[in-house]
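J.: So that we are looking at the same thing, I have put the structure below in structure tokens.
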Amino acid sequence: MKKTQTWIITCIYLQLLLFNPLVKTKGICGKRVTDDVKDVTKLVANLPKDYKIALKYVPGMDVLPSHCWISVMVEQLSVSLTDLLDKFSNISEGLSNYSIIDKLVKIVDDLVECTEGYSFENVKKAPKSPELRLFTPEEFFRIFNRSIDAFKDLETVASKSSECVVSSTLSPDKDSRVSVTKPFMLPPVAASSLRNDSSSSNRKASNSIGDSNLQWAAMALPAFFSLVIGFAFGALYWKKKQPNLTRTVENIQINEEDNEISMLQEKEREFQEV
């Protein structure tokens, strides 16, 4: 029985070792970026076109590889979005905007935490310090979207030999025209289709609970299947060994009966001799 239990435990540990790498290979920050980034289009449509958003921008971001500026930009985007969130917090008409910005802040904060928690070999410091500039909502969220896209490919985007050097021919005026590259396409969004989010705090709590539940499910399911497969192997091994165990028990019982018969016969002979 001890051998059977040892075999079952061994199967369980083997399955855990086999399945755990599958959970880890989903990416270091695989689920940091959620579908809430799709609401950027609504937010840009809601904000005045001449509204200005302050952002510390890395000079040469349009020409440098993404690994040269991604860590700095996610930090600066977090600061700017948090400031923007504070401006909408006390405006009842802007509850829908507040909810969208709040979700974007959470995404960017998670990306900042990821860049601080893991050492990416390809990520380098920006060649120049970020400069404070004012951007329209369309320009600002184009930078936001580009940073999100760059972060998704952060682990494979650049080689170690890539240089983070801004060309001397790049003028500040040319670099500041962010709207020239990658036009931001805005589908028509009717104001009546935007629903005021009067329960943003409840949604934040439910979203955080949902995210944690998904993470626990991702961890628990492989472990559960590992246990099931381990027990299945153990049961097959036990079933295979069961006939041998039954024969062993029967042999022991037969030997005990033979010994008892021999003892009785011996005592009977001794009694007859007396």
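Glycine is treated like the rest: Cβ placed from N, Cα and C.
Fair warning: this is a prediction, and the values are worked out from it, not measured in the lab.
As listed in Swiss-Prot for this protein:
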DISULFID  Cys29-Cys114  disulfide bond
DISULFID  Cys68-Cys164  disulfide bond
CARBOHYD  Asn90  N-linked glycosylation site
CARBOHYD  Asn97  N-linked glycosylation site
CARBOHYD  Asn145  N-linked glycosylation site
CARBOHYD  Asn196  N-linked glycosylation site
SIGNAL    1-25  signal peptide
TOPO_DOM  26-215  topological domain 'Extracellular'
TOPO_DOM  239-274  topological domain 'Cytoplasmic'
TRANSMEM  216-238  transmembrane segment
J.: If you count the other Cβ atoms within 10 Å of each Cβ, which of the glycosylation sites Asn97, Asn145 comes out on top?
T.: Asn97
J.: Could you pull the average pLDDT for the topological domain 'Cytoplasmic' (239-274)?
T.: 77
J.: Sort the recorded positions Cys68, Cys114, Asn145 by C-alpha distance from Asn97 (N-linked glycosylation site) and give me just the closest.
T.: Asn145
J.: Let's check the environment of Cys114 (disulfide bond): how many other CB atoms sit within 10 Å of its CB?
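T.: Within a 10 Å radius of the Cβ of Cys114 (disulfide bond) lie 19 other Cβ atoms.
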J.: What number of additional C-beta atoms lies within 10 angstroms of the C-beta atom of Cys68 (disulfide bond)?
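T.: For Cys68 (disulfide bond), the 10 Å Cβ neighbour count is 25.
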J.: In whole Å, note down how far the CA of Cys68 (disulfide bond) lies from the CA of Cys114 (disulfide bond).
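T.: Rounded to a whole number, the Cα-Cα distance is 16 Å.
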J.: Sort the residues of the topological domain 'Cytoplasmic' (239-274) into helix, strand and coil with DSSP and give the three counts.
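T.: Going through the topological domain 'Cytoplasmic' (239-274) residue by residue, I get 35 helix, 0 strand, 1 coil.
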